[in-house]
Amino acid sequence: MPKNSKVVKRELDDEVIESVKDLLSNEDSSDDAFKKSELMVDDQEEKDVDVEEGSDVEDERPAWNSKLQYILAQVGFSVGLGNVWRFPYLCQKNGGGAYLVPYLILLLIIGIPLFFLELAVGQRIRRGSIGVWNYISPKLGGIGFASCVVCFFVALYYNVIIGWSLFYFSQSFQHPLPWDQCPLVKNVSHTFVEPECEKSSATTYYWYREALNISSSLSESGGLNWKMTICLLAAWVMVCLAMIKGIQSSGKIMYFSSLFPYVVLLCFLIRGLLLNGSVDGIRHMFTPKLEIMLEPKVWREAATQVFFALGLGFGGVIAFSSYNKRDNNCHFDAVLVSFINFFTSVLATLVVFAVLGFKANIINEKCVIQNSEKILKLLKIGNLSQDMIPHHINFSSITAEDYNLVYDIIQKVKEEEFDSLGLKSCQIEDELNKAVQGTGLAFIAFTEAMTHFPASPFWSVMFFLMLVNLGLGSMFGTIEGIITPIVDTFKVRKEILTVICCLVAFFIGLIFVQRSGNYFVTMFDDYSATLPLLIVVILENIAVTRIYGIDKFMEDLKDMLGFSPSQYYYYMWKYVSPLVLLCLLVASIVQMGLSPPGYNAWIEDTATEEFHSYPTWGMVVCILLMVLAILPVPIVFMVRRCNLIDDSSGSLASVSYKRGRIIKEPVNLEGDNTSLIHGKSPSEVPSPNFGKNIYRKQTGSPTLDTAPNGRYGIGYLMADMPDMPESDL
């Protein structure tokens, strides 16, 4: 600060205090509420700090070291395992290349606007999800608590998937890979292939029996799987060490965890394009099926994917953006991260179907060889005539095209007897149509394809290291969505809270590393996040556009960004996005009601999956997951609506935020929304309506005298003074 600036500042502060005293002294005696309000004028340097109530110790709020670090953190959070094993499946299932059209439309309608909204409120108010929604409306403060609960539920099972990836990563340093061949079983007389493996496949057997050692039902616990327990512990230790210092530690790791997956995907794409059959897979992937695009189910699944791909409602987006400077261009960030997410999904889809095309080609070649041998046997025993076979066909080196030609001829000639011949149509499209999602894609289909790669252990190490990094990037955002709001609200030490959170999550997560743990992962994935997050985001939209006010929010954005956002966002936030979200919520409830609640159990005797309905206690758990996730919203609303908790102790309802400072508000006003700082306009409270001349706005200093909610509140009254640089204030 310039010389004697502190003296100047103290004099200015004295003038502010005197001017406010004059205003208060002229108040009407009947205005008790206004007189009871408190004003705290801070005599400290103007900087973004958090001051604990009743303490003179300042704790500077952390900030990103660079804009790149922040973008990588947001990209790492939004780009996760779903981009690799969910988006390609949906694309293949819902019309191939045609699926990209509804996805892009919904990305523009709900994805980017809602992502922009969360970035903006986090950056403006500079708090986690609890502080943000409590600031906008204390009665809706439960939105932030609900986000934390959902984040915790998701973190419980999401880290289990990272543990699975760590297990496969540790097993990939072998040649041949342990899932390359079915194991042999020896008895007294002879050696034979493991029956369960022979009925399925080597990779399927390894996943269900060696990795998970899965039980046959949800009710059959089977005890802990010690290998996966160790991997889960390792995953939580990694998360804890990365998050223990907040963004100071996790931000640096983002350089690797966010960028490494792109290196692996590009390497896989280049390698995949050189494989035989990869072009068939990509062609199959992007061949548009326009008739499917018109089905409502396609739009519902596209909207759900857009919603979860960007991490809306988790609180991680708000937490990360709260560490930004106020003048950061969050609109640019929202568009950039959204399209990076989309192009990552397309890149992953290219990789997946290039590899699956190669795998399908290998399976198709085996099919052709096996069925050609059947045809030769039928020719020898006289069931088929040699005259049917074209002269240029050589069964010793037959191609897929030649086999399909012979197959069609035999099918036409032996139309009545054809089924009894036992011949199969070896079409590569049939294999590609069997594309799977989730763990089936990553731990079965993809691993099987990699066994046919030259130097397969190297590619396996790279693939599972990529999955670990993708998972960790998302976990950092998920845990940040828990830690940041609690630290901001209850002022606990971040290091202690992080360790406690990870320990509790590990011990609860032991239910996922039982032999029946995979079924619990499916349960949590289906019921703990979908409906609660939709409700959370709908309430977020309503809180900003209806409770806070869309016009005031647009003014805030103009003040914060330095330019007015497009009116496109105004209409999206106010009309289109809430309507689309409500339709998605109704469609999800209907879909959940029509689909019988259950899971696919692995049956050892048949080596196949079999659908089982949840037992009664399982249904209770499913319902409890949804209820517990959204329960904080009505509880907080009723507590604050009915004033069930005394705010004199300094609870959330009596705290507001100004550029990182806590300002104590009146605690005994009528209702909890009557504070000027909480945004009521002068006409809505009993206090007089001051003239605009007392709100002296300084030129070139848009954030100095403007409240975080975009309205000039009592904590921002400025005396009539000459303009001066913000650094001097």
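Placement of Cβ uses the backbone N, Cα and C atoms for every residue, glycine included.
As given in TrEMBL:
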type	residues	note
REGION	27-57	region 'Disordered'
COMPBIAS	40-57	compositional bias 'Acidic residues'
TRANSMEM	70-88	transmembrane segment
BINDING	Gly76, Val79, Asn83, Asn341, Leu470, Ser474	Na(+) binding site
TRANSMEM	100-121	transmembrane segment
TRANSMEM	142-169	transmembrane segment
TRANSMEM	226-247	transmembrane segment
TRANSMEM	259-282	transmembrane segment
TRANSMEM	302-323	transmembrane segment
TRANSMEM	335-356	transmembrane segment
TRANSMEM	458-483	transmembrane segment
TRANSMEM	495-513	transmembrane segment
TRANSMEM	533-550	transmembrane segment
TRANSMEM	571-594	transmembrane segment
TRANSMEM	614-639	transmembrane segment
REGION	674-707	region 'Disordered'
COMPBIAS	696-706	compositional bias 'Polar residues'
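Away from its own ends, the transmembrane segment (571-594) comes close to residues 106, 109-110, 113-114, 117, 296, 300, 303-304, 307, 530-531, 534-535, 537-538, 541-542, 544-545, 550, 553 of its chain (Cβ-Cβ under 8 Å, at least six residues beyond either end). The Cβ neighbour count for Leu470 (Na(+) binding site), using a 10 Å radius over every protein chain in view, is 29. The stretches the transmembrane segment (226-247) and the transmembrane segment (495-513) meet in space: the count of Cβ pairs below 8 angstroms, excluding pairs fewer than 6 apart in sequence, reaches at least three. Here the transmembrane segment (335-356) sits against the transmembrane segment (259-282); at least 3 CB pairs are under 8 Å, leaving out pairs fewer than 6 apart in sequence. Here the Cβ of Ser474 (Na(+) binding site) has 28 other Cβ atoms within 10 Å, regardless of which shown protein chain they belong to. The stretches the transmembrane segment (302-323) and the transmembrane segment (142-169) are in mutual contact, each linked to the other by at least three Cβ pairs under 8 Å (pairs 6 or more apart in sequence). Counting Cβ pairs closer than 8 Å to the transmembrane segment (100-121), the top stretch among 259-282, 458-483, 495-513, 533-550, 614-639 is 533-550. Residue density at Asn83 (Na(+) binding site): 24 other Cβ atoms are found within 10 A of its Cβ, drawing on all protein chains shown.
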